[in-house]
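Annotated in TrEMBL:
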- 20-41: transmembrane segment (TRANSMEM)
- 47-67: transmembrane segment (TRANSMEM)
- 96-120: transmembrane segment (TRANSMEM)
- 126-147: transmembrane segment (TRANSMEM)
- 159-181: transmembrane segment (TRANSMEM)
- 187-205: transmembrane segment (TRANSMEM)
- 231-254: transmembrane segment (TRANSMEM)
- 266-286: transmembrane segment (TRANSMEM)
- 306-326: transmembrane segment (TRANSMEM)
- 346-366: transmembrane segment (TRANSMEM)
- 378-399: transmembrane segment (TRANSMEM)
- 419-436: transmembrane segment (TRANSMEM)
Amino acid sequence: MTPTGLPRSPTILKRIASSFVFRLSGAVTNFSFVIFLGRYLGASQTGLYMIGLGFLSVLSTFCRLGLEQIVIRDGGPMVRDRQWAQLRSLYRQTMLLAAAASLALTLTVILLSTPLALYVFHKQELASVLVWFAVALLPTSIAMMHVPFLQIIGKPERSIAVFSVWVPLLSFLSLFCMPPSSAVTAAYIFVGASTVNLAIAYIPFGRFMRSAGGLPGPIGPLWNVRLLRPALPLLIGNTCQMALLWIAVFAVGIHSSPSDVGGYSVAQRVALTLSGFLVPPIDALVGPRLSMMRGTSSKHDIEWIVQRVSAALLILVSGLFVVLVVSGHQLLRLFGNDFGAGYGPLLFLSAGQLAVVASGSIRPLLVVHGLERVIRNAMVIATLACIALAAILVPTLGATGAALATALALAGEKLAEGLVAWKVLGICVYPSLSFYRREIATLLKHHAKRTQTE
């Protein structure tokens, strides 16, 4: 790396492939960690751990205040123009804002941990778990704030590792050094892993800044609350998106036993693998392609690309869905014999992920055409709908009702985004039956030609 610029980037396809490998590694590591955690703790203690992890996930997203996209928007040009002092100032301002929010919410959760455990979740043993996850809030939030900074300096693989690999990997390795006996012990492990992850996140960015721009002091004010105004819509959208994954967990925790929470949480982790490591790398490839096509290609050409992506993802994930239907009960028993009750929720959650995958690259399509507000509004409405559905279904159906509420909210969110794309852009993201017939006929024709030449 030269002191005045970024390293030469490999091709976009290599970067996407590398990102996919890192995401897949994170998914496999996280999956392995949850399996061993479930076998060490059992469904009940795993359920308490998942409630604490849910609090951390939602609050950490809120503590970042929607500043990630502001960093990418403002910091990217600073790197391009080698404005290192301005970049250092942006770094200091965003980290201070995130740290202040994290400390405030850490103290709030610690003070409210006992009332939350006793009067909301009716589980006294949850209080200590919430306290330790509150301790992890600051290092987790600051580490995640480093992710966009690593992206803009040309280190996407390291950003993905910080975001999704290091914490589950370190936690997984710690299980063998300090086997957890309770959810509290597992929370200790998470605190240590998140602290190490923060150090790992800071080292490459600090090294880059020292190499690129020497040590000039940052310019501008220490605090810049004006950054929060453009970040507010992103804060709302990001928090709702994260909350949508945890509302049902909290609802099951309020109305059911910790073992039900554990069974539901494990089922959710399994279901999320259907789209979690497939959709983001595909979006990273399709987004730039759609951006280049906008204004130079017809709507028919754009629609053809989007529909091909939707069809390919749906066919692939449908096969995985069939595997879960047939073998889901046995798969859940890998986590422990008392996790088999999560099979019903697993089916509903997996069906919801099918709806997500069937929409293909709807998000990049809307972003490229300047319809980010549609995405935010859809997430807010889906979150409110999930809360309402969970309040109705969970008291009577338990974890299965929670899964149904989540699946309906996710499916409704994607259908709403697809409807807007059709009405506003004139582009349908869902392939028709005739589309599948044409594609199959084309494949058979090519196969026949290849056979004849051979």
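Using N, Cα and C of the backbone, Cβ positions are placed for all residues, glycine too.
A contact links the transmembrane segment (187-205) to the transmembrane segment (126-147), because at least 3 Cβ pairs that are 6 or more residues apart lie under 8 A. Sequence-distant neighbours of the transmembrane segment (47-67) (same chain, 6+ residues past either end, Cβ-Cβ under 8 Å): 37, 41, 94, 97-98, 101-102, 105, 109, 121, 123, 125-126, 129-130, 132-134, 136-137, 140-141, 144-145, 183, 186-187, 190, 227-228, 231-239, 241-243, 245-246, 249-250, 253, 257-265. When each of 20-41, 126-147, 419-436 is checked for Cβ pairs under 8 Å to the transmembrane segment (159-181), 20-41 comes out on top. Within its own chain, the transmembrane segment (126-147) has Cβ neighbours under 8 Å at 48-49, 51-53, 55-56, 59-60, 63-64, 67-68, 71, 94-95, 98-99, 101-103, 105-106, 109-110, 113-114, 116-118, 159, 162-163, 167, 183-184, 187-188, 190-191, 194-195, 197-198, 200-202, 205, 253, counting only residues six or more beyond its boundaries.
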